[in-house]
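Per Swiss-Prot, the features are as follows:
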MOD_RES   SER408  phosphoserine
REPEAT    463-492  repeat 'ANK 2'
REPEAT    496-525  repeat 'ANK 3'
REPEAT    562-591  repeat 'ANK 5'
ZN_FING   80-132  zinc finger
ZN_FING   819-854  zinc finger
ZN_FING   866-901  zinc finger
ZN_FING   963-996  zinc finger
Amino acid sequence: MSNSRNNRVMVEGVGARVVRGPDWKWGKQDGGEGHVGTVRSFESPEEVVVVWDNGTAANYRCSGAYDLRILDSAPTGIKHDGTMCDTCRQQPIIGIRWKCAECTNYDLCTVCYHGDKHHLRHRFYRITTPGSERVLLESRRKSKKITARGIFAGARVVRGVDWQWEDQDGGNGRRGKVTEIQDWSASSPHSAAYVLWDNGAKNLYRVGFEGMSDLKCVQDAKGGSFYRDHCPVLGEQNGNRNPGGLQIGDLVNIDLDLEIVQSLQHGHGGWTDGMFETLTTTGTVCGIDEDHDIVVQYPSGNRWTFNPAVLTKANIVRSGDAAQGAEGGTSQFQVGDLVQVCYDLERIKLLQRGHGEWAEAMLPTLGKVGRVQQIYSDSDLKVEVCGTSWTYNPAAVSKVASAGSAISNASGERLSQLLKKLFETQESGDLNEELVKAAANGDVAKVEDLLKRPDVDVNGQCAGHTAMQAASQNGHVDILKLLLKQNVDVEAEDKDGDRAVHHAAFGDEGAVIEVLHRGSADLNARNKRRQTPLHIAVNKGHLQVVKTLLDFGCHPSLQDSEGDTPLHDAISKKRDDILAVLLEAGADVTITNNNGFNALHHAALRGNPSAMRVLLSKLPRPWIVDEKKDDGYTALHLAALNNHVEVAELLVHQGNANLDIQNVNQQTALHLAVERQHTQIVRLLVRAGAKLDIQDKDGDTPLHEALRHHTLSQLRQLQDMQDVGKVDAAWEPSKNTLIMGLGTQGAEKKSAASIACFLAANGADLSIRNKKGQSPLDLCPDPNLCKALAKCHKEKVSGQVGSRSPSMISNDSETLEECMVCSDMKRDTLFGPCGHIATCSLCSPRVKKCLICKEQVQSRTKIEECVVCSDKKAAVLFQPCGHMCACENCANLMKKCVQCRAVVERRVPFIMCCGGKSSEDATDDISSGNIPVLQKDKDNTNVNADVQKLQQQLQDIKEQTMCPVCLDRLKNMIFLCGHGTCQLCGDRMSECPICRKAIERRILLY
C-alpha cells in the first residue's frame, strides 16, 4: 500500500469524526457550528462523503478547498506505537497525538488535549499520524473553544443509514437515548454509542466504526468543547514526505556498488537476482511502507522494496526548461504559467499517487494545455484545464514556452486561439457559478452587478442548482425579487426534480413562498418522488410553511410516489400540530397509500394515540372509522394486532368503532388480540361488548384460538424438556400428568389460560364447533382447565352463586379475604380508581397494577372502622365517589357518603371488591337484566331493517363518489370530458376509463 493510501485511510480515514472546516459554505447542512459527522467514504481524491449525526449525507471538498476538520481520528484505528497519554494513561495513543513543545516527553490524547489537561500556556505539536510532520500550535489559552454537538451521552436517536439490527429499537421511527460513548473494538475507540431504547431494549451501535452510522439523532447532546483551529484540516497533505526526502512520484536511481546495496538491503526486503535491472534503470517511487522503506516501480512493471539509503533522487531536465531541475525543494512553476499535461496515461497514473490521485474524469486533460492556478506547500499544482481544475504532480506537467520564443508564430497563434476558447468557456461557467453563490449567500449588490452583464444566464446552474433555488432555500427575498424582474424560470428543476418552491419549503422560508406565489409559481409542483412542497414542509416539521402553503391554496391531499399524503407524513413524524392544520384545511382522511393504509390505518399501525385522537375529533364522516383495507383490516384490527392499547381505546370509546367487523379471513379484532395474546386488548373489547362467538373462515371462535394457543405452548415446552435429555421409562407413567400441569408454567401459558377463562366467564359458548368438528374443549387436553372453563361458563349463564353450599361460600370468602401477595394478612387496602381490594397494607406499596383488573393503581387507602358505629370495619364501597367508610348495616341507611357528601348511587359489598360475587347483587342483576335483554331482542328486528336500509343508501353514495378504477379512493380529479377518478389513478392514465377520450387536462377538486 502506498504512503498516500495509508494517509488517506488513517489521517483522512473512513470513520474519522469531523466538524465543519475553514472553507465551509454549505449553510446548516451539518446542523450548525460544532455539529459532528462521520467520514463514510471517499468519492474521489477531492471529495469525501460525510454522514452528519443529524442524518444528512453529502459530498464535501478535501482538496484545493477544505470543508472539514478532523475532530477525532481515533475511530479510524490509527495508533502511535510506543506512546502513552500522560494524563489518562491510554497506551498507545490512538488518533491524533498532541506532544508538548515545552516539556520533555509529555504527550496527550485528543480527549485530554481538548479537555484542558496539562498547562494551557504551553504550546503543543500536533502529530496526526506516526512519522508525519509535526505542526506547532498556538497555546490553548489564546485559542477559541466551541462546543461539540451530536450523538453524545443524552442525545435522542433513531435508526440511521447503516442500520442492520432488525427491530431491536422496537421498529422504524422508535426512539432511544444515548447513555454513553464507548469503543466498538479495542482498536477503534470512541466509535460506538450505547443506547437505551424506549421499548426497554439496550445495545451498542456503530458511530464511526469503519465509517458506519447506525444512528441518527433527533435531539442532539453536548459532547464537550474543542479547540476548533487546532483540529487538522481534512485533506491537507502533510504526511507524504519521507524523512529521507523521497516522496511518491519521485524518480530515483541506485548509484552505489552492488556489494554495498546488498549489504544495505538486509532487513529491508533483501536482494534477489531479479533486482539487477534496478542498477541501470531509473524507477519511480510508488509507495512508502510502515517501516519507511521505499517501494519503486520500474518500466518492466516490477516493483521492488529498498532501504531509503540505497536510492538517490534523479535530476530530471524538462523540455522548455533546460536550465531548471526538479530538485532543491522550490517549485519551478509560478501561478499563471502555461503547462502541458503528460500524454502517457500509465505514467501519469503512477505520478499522481499522493499528488491528488488519478480520476477517470481527468482523461480529457491528457496532452492538453492549461494554466497554473495555485501552488501548494508540497509543490503540487492546481491547474485549470479543459474547463475544470485538477491537482497535478509537478512531474506530470511541463512548462509551455511563450509564442515569441522557441516555437513558431503559427504554433503560437494556434495555442493562443486554443487558450482563448478554453478560458472563454471557463469564464462563462464561472459567471453562472458566481451568480448562484451570490444568491445563496444573500449578496444583493453582487447579484445586481452580475445581472447587468449581458452574458449572464439567469437560469444558469452551479452544482445542479439555479440562483433562484439557492436564494429560495436560504430565504433571500430581495434577491428573489431581482431575479423575478429578469424573467427567471420559477419552475426550473434540479437533478431531483425540486423547484424553487420545494427549496423554500425545505429551508422553512414562508416569506419566500409568498413571493414565489405572487410570481405564479406552482405550489402543487411535484419532484421526481412526486412530493409537493407541502410534503417536504411536513416532513421537515415546518409548521409555519405548512400554514402558508395551505393559505395560498396548496392541495392538502396529493400523493407522492409511495401514495402517502401529507397526512401520512404528519402521523409518521408525530406532528399533531401539523396534522390538525391539515385536517382544518380539508385533508382527505380516506386516501390510501400504496400499501392500502388511509390516515386512520396509518395512525393505528404506528401506534400513535395522539394522532388518532386528533383524527377522530375531526372526522368529517363518522363511518370512516370502520373503513377497511384491501385485506379487510380496519384501524381497530391493526391496533389489536399490534397491541396498541391506547389507540384501541380511542377507537372504541371516542370513535365508536364497530367491534365485530371481519377481515378477509373473517376474523374480528378480538380474534387477532386473542391470537397474539394481547390481554389488555381482549379485556377492552369484551367489556365494550364485542361478540364472543363469531367464527372465522375455519369456524374458530376467539375461545378456540385461546385454547389452541395454550395447548401448542404446552407441547412446545414438553418438546424443549425432551430436547434436554431423553425421557426414560420412569417418566412414562407421569407423562400425562406432566402435560396437564404445564398450564401453570410460564407467562405465555398463564396468559392463554387466563384469556380462555375470561372469555368463558363472559359467556363464550363452549359447544360451538369449527369446520373440523372441534369444540373449544376438544382443543384443551388439560382437565383442570376444562373444569375451570365449564365452571366459569356455568356461573355466567345460570348465576349459581346463590345455589352454592354454605361451606363453599365460607371457603371462598376466606380465600377472597387473604392478601393476594403474602397470603398471611387479610386484605385491608382499597385501590383507586378501580375500587378493588387485593392486598394488605404492608404489601400494597409494592403493587403497581391492581392484581384483579390489571389497571394502574393511582391511590391506596387503608380500610378503617365504620365512621358511624365504630363497631365494625367499613365494608361497603360507595359509587360513584369511591369511598369505603361504613359497615354493611350503617351503609344501608345512608343516601349520601358521610365522607364527601356525594349522593350514593350504588353500594358495592366488600366481597365484590375482592373479586367475588354477592348472592344478593347477583340475583338482583339477573332479575333486572332479563327484561332489557328480551326488549333488546324485540328491538333488534327493527334496528336490523334500518341498518340494512342505511347500508344500501351508503353504498349508493359510495358508487357516485368513489373512483371507478380502484374503487378504494374518493374521486378528486376531473377530466375535460366530465368523467373523473382519484388523483392516484388519474396520474397514471392517458385516456378516460369511461369514454376512452384522450386526457388533455386534469383538474383537481378541492
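The backbone N, Cα and C atoms fix where each Cβ goes, and this holds for glycine too.
Same-chain residues lying 6 or more positions outside the zinc finger (819-854) and placing a CB less than 8 Å from one of its CB atoms are 679-680, 683, 860-863, 873, 877, 879, 882, 884, 908, 910, 913-915. The repeat 'ANK 5' (562-591): residue composition by secondary structure is 16 helix, 0 strand, 14 coil, according to DSSP. Applying DSSP to the repeat 'ANK 3' (496-525) sorts its residues as follows: 16 helix, 0 strand, 14 coil. Broken down with DSSP, the zinc finger (819-854) shows 3 helix, 9 strand, 24 coil.
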